[in-house]
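A.B. asks: Annotations for this protein, taken from Swiss-Prot, read as follows:
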{"type": "TRANSMEM", "residues": "11-31", "note": "transmembrane segment"}
{"type": "TRANSMEM", "residues": "35-55", "note": "transmembrane segment"}
{"type": "DOMAIN", "residues": "55-107", "note": "domain 'HAMP 1'"}
{"type": "DOMAIN", "residues": "142-195", "note": "domain 'HAMP 2'"}
{"type": "DOMAIN", "residues": "214-455", "note": "domain 'Methyl-accepting transducer'"}
{"type": "MOD_RES", "residues": "GLU259", "note": "glutamate methyl ester (Glu)"}
Amino acid sequence: MTISSVKQSYGAKLGVGYIATATLLITVGVVTQDVASTVVAGIAGLLTLGSINAAETVASITELSAQTQRVADGDLDIEIDSTRTDEFGDLADSIEQMRVSLRDRLSEMEAARADLEQAQTDANEAQAEAEAAEEEAKELATAYQDIATEYGTVMAAAADGDLTQRVDVATEYDAMETVGQSFNRMMDELQETIETVTAVSKRITTETDEITETSRRVQQEVDAAVETVADIQTQATDQQTKLESAAVDIQDVSASAEEIAATIDDLADRSSEVEEASSDARTASETALTEMDQIQADAADAVTQVETLQQRMAEITDIADIISEIAEQTNMLALNASIEAARAGGQGSGADGNGFSVVADEVKSLAEETQSRADEIATVIAEVSEQTEEVTDSIQATETRVETGTETVESALSEIATIAEAVDDISASIEEMRETTSEQADTVQATADSIADVTEASAETATTAEEMSTQIRRQRDVVKSISDSLDSFRETAVDDLESRVRLFTINTDTTAASQTRAVGSPSIGGDD
């Protein structure tokens with residue numbers, strides 16, 4: 001064993017001391033042959049050895065304690081060194097290595113904490129943007145869904161024939177307001193058309209009743225004329241008087257025929273008005289179809305806006321994923337810091353290990369909070385995306401209802417075309433009645449001429465009376481034909497027109513159709 005190896009080992013030096021003390025005891029015992037002296041010499045040697053060893057050990061421990069205390073106080077730049085080359089020197093070298101490692105780890109942790117704080121700041125900003133986007137999306141989704149539901153309810157009622165329905169256009173969304181205004185304008189024009197057709201139908205009914213009543217009176221007068229002719233035939237002596245009476249009756253018939261002709265002319269004018277109303281209704285329905293096409297285009301624009309919002313939600317989702325990845329990396333860094341703290345504590349530096357562990361726990365806590373915030377952002381984005389899809393579905397449902405409304409308007413246009421055909425038939429019937437009335441007037445005139453001839457030629461009284469009777473019967477048949485035609489006209493064309501108009505519910509007060517009426521508000525004038 002060399003002197004150098006003894007200096008590098010505290011145990012070796014202590015062993016050499018004990019050997020020297022034992023040698024001293026042996027020497028004293030051999031020389032003095034006295035046990036007491038030997039014991040005293042042994043105790044003195046041990047005390048001397050212990051004092052020297054204790055002094056060196058205490059000095060080394062004091063020196064290391066002072067240096068490690070400065071490290072514990074945060075001075076990681078101090079260099080730990082010792083003049084000893086034994087285990088205490090090795091301990092000083094180990095503490096120096098721990099100091100350097102701790103300083104490097106703390107530098108890394110400071111950098112990691114700075115990165116984590118920046119990530120936390122970015123996460124807070126992203127969360128604020130996500131919350132603002134969520135609020136905006138919720139408001140937009142709720143507003144569009146409510147408006148679409150209200151529009152759908154009103155359009156469904158209108159499709160069932162209730163033309164008094166209007167939508168509330170008081171909304172901050174231009175696209176939906178345009179849809180509502182177009183629908184209300186279409187319903188106003190369609191209701192005005194139906195009201196016009198209804199009014200004309202009522203006038204036709206009233207005037208047809210008047211013509212029918214006039215025909216009945218004419219028929220009664222014709223029957224009276226027939227009886228008069230019979231009296232002429234049976235009472236030849238009163239022939240002249242009866243003929244004069246018949247002439248008067250014929251004049252009444254002629255006047256009635258002229259009245260019928262005038263009424264038929266007026267009815268023809270009314271029929272022309274109905275034709276014009278039907279044409280206006282057809283034009284209004286075609287305009288309504290154009291408006292419905294515009295409504296479909298506006299609804300498509302609304303769907304495009306919602307799809308753009310979905311794309312923004314996808315971008316925010318990508319940002320949240322990046323934040324989650326940063327949080328996971330920070331969490332791994334915190335785990336490494338915890339391992340280093342445990343390692344530092346295992347090497348005997350409890351205070352250093354605890355301080356290192358506190359920093360690691362703080363980093364881990366920040367990482368977990370960042371991960372939690374990122375998860376919340378992802379949850380919010382998922383909810384906003386779901387609501388956006390619901391808005392898209394609602395708008396698409398509105399498009400479907402608009403298509404249904406378009407089909408309804410097309411059906412109404414077909415019905416109006418049918419009404420126009422019925423009006424054409426009415427006009428044809430009126431023309432036939434006009435021709436029949438003209439024939440009746442000619443017949444009455446011929447009858448008057450016949451009565452004049454009978455008056456001038458009494459000898460031909462019987463023959464003329466027979467001709468008169470024949471002419472009057474023919475006239476009665478004509479009047480009956482007119483009456484039957486009017487009844488048929490009333491039962492078929494007019495009633496069919498009224499039944500078709502009654503399919504629609506309209507507001508009798510034409511000023512009540514305002515675009516600012518509440519959705520589904522009841523009609524002011526009641527239903528027809």
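Glycine residues also receive a Cβ, built from the backbone N, Cα and C atoms like all the rest.
Walk me through the surroundings of each of these features.
C.D. replies: Note on GLU259 (glutamate methyl ester (Glu)): other Cβ atoms within 10 Å of its Cβ, all shown chains, come to 16. Secondary structure at GLU259 (glutamate methyl ester (Glu)), as computed by DSSP, is helix.
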A.B. asks: Could you tell me the mean pLDDT the prediction assigns to the domain 'HAMP 2' (142-195)?
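C.D. replies: Per the prediction, mean pLDDT sits at 76 for the domain 'HAMP 2' (142-195).
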A.B. asks: Determine how many residues of the domain 'HAMP 2' (142-195) DSSP places in helix, in strand and in coil.
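C.D. replies: Within the domain 'HAMP 2' (142-195) the tally stands at 40 helix, 1 strand, 13 coil.
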